[in-house]
Amino acid sequence: MTIAIGKPEEKTSWFDKVDDWVRRDRFVFVGWSGLLLFPTAYLALGGWLTGTTFVTSWYTHGLASSYLEGCNFLTAAVSTPANSLGHSLLLLWGPEAQGDLTRWFQLGGLWTFVALHGAFALIGFMLRQFEIARSVKLRPYNAIAFSAPISVFVSVFLIYPLGQSGWFFAPSFGVAAIFRFILFFQGFHNWTLNPFHMMGVAGVLGAALLCAIHGATVENTLFEDGDGANTFRAFNPTQAEETYSMVTANRFWSQIFGVAFSNKRWLHFFMLFVPVTGLWMSALGVVGLALNLRAYDFVSQEIRAAEDPEFETFYTKNILLNEGIRAWMAAQDQPHEKLVFPEEVLPRGNAL
């Protein structure tokens, strides 16, 4: 009689082998999200560096070109494709470039390349935070918070131009290009008077205020530990005990404002809620602009201002400023439209 001792070998599938490799504990965690994040982030960043350093883009936009043509870090950009190309993906092997790399660069193919790979890289980074949080049994609030800048990127660089006539109306990837796009938004959409923009500003500036107050309050209420009780000398970075006094901080702000956060959970949730909600709201506003929705047009004031030259409000001044921005930008931005503005809508010296 023969007795077999031991367990039969279990056959592992290819999926289990890949899962074991990507989630293995190493210096830089890869994970399933890394299969999306690392290649797309590498290609997006590499495309941007290539575009701003070597590739000329006068063909498509006239806003900026490469360092080789005299631009600096502020003015160089990966420019958007021409308006005539609409929403084409501008694939290198597509009908526009037909496999010609130089032609692809000239047409603005790098912009769609950077925009799409950049969007997937940001999504991959958010999924990475989900994956690591799940593996170490944390809540996923980091990933949820990171969805806010992703929503802004996607709404500005993808959804807005999709709602317009082409990628041409998205921002180019550069510093001066982004500021120019902001002026464009104001001139053509009166963006600063949009309530979603107001909520976004409140979220970003409110978050900065909360961050400054929180940091200062923690520094103010550090427990003394030794003779040199300051931020940098008196504390062991691996100490297990509490570093600052929430009770003292609560008492301080109760005396200042009459109210204060009662516990750390509510305090830190509020610091999460303010900027994330603000960015989400601003992204919603940009989606509205993609559809050319108007917000807060005070038509009665415009009619009265047209009838009475003496009538002037902040709003009517704003309208004149927007007209000036449009007149200044349109000829360069949209030469194919052959726009001609009548005398009465052009900026009028000191009238502004």
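Along the chain as shown, the residues are counted starting at 1.
Yeah, the Cβs are placed from backbone N, Cα and C, and that goes for glycine too.
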Which range of 124-140, 311-327, 328-344 is transmembrane segment, per Swiss-Prot: 124-140
Stretch carrying transmembrane segment according to Swiss-Prot (options 18-38, 207-227, 249-269): 207-227
Transmembrane segment according to Swiss-Prot, located in which of 176-192, 278-294: 278-294
Transmembrane segment per Swiss-Prot - which of 68-81, 152-165: 152-165
Same-chain residues near the transmembrane segment (124-140), Cβ under 8 Å, at least 6 residues beyond its ends: 23, 29, 31-34, 36-38, 40-41, 146-147, 150
Inter-residue Cα distance where the pair is HIS117 (chlorophyll a ChlzD2 binding site) and HIS214 (Fe cation binding site), in Å: 36
Tertiary contacts of the transmembrane segment (278-294), as residues 6+ beyond its ends and Cβ separation under 8 Å: 147-149, 151-152, 154-156, 159-164, 185, 189-191, 194-197, 199-204, 206-207
Those binding-site residues listed as HIS117, HIS268, and which of them has the most Cβ atoms within 10 Å of its own Cβ: HIS117
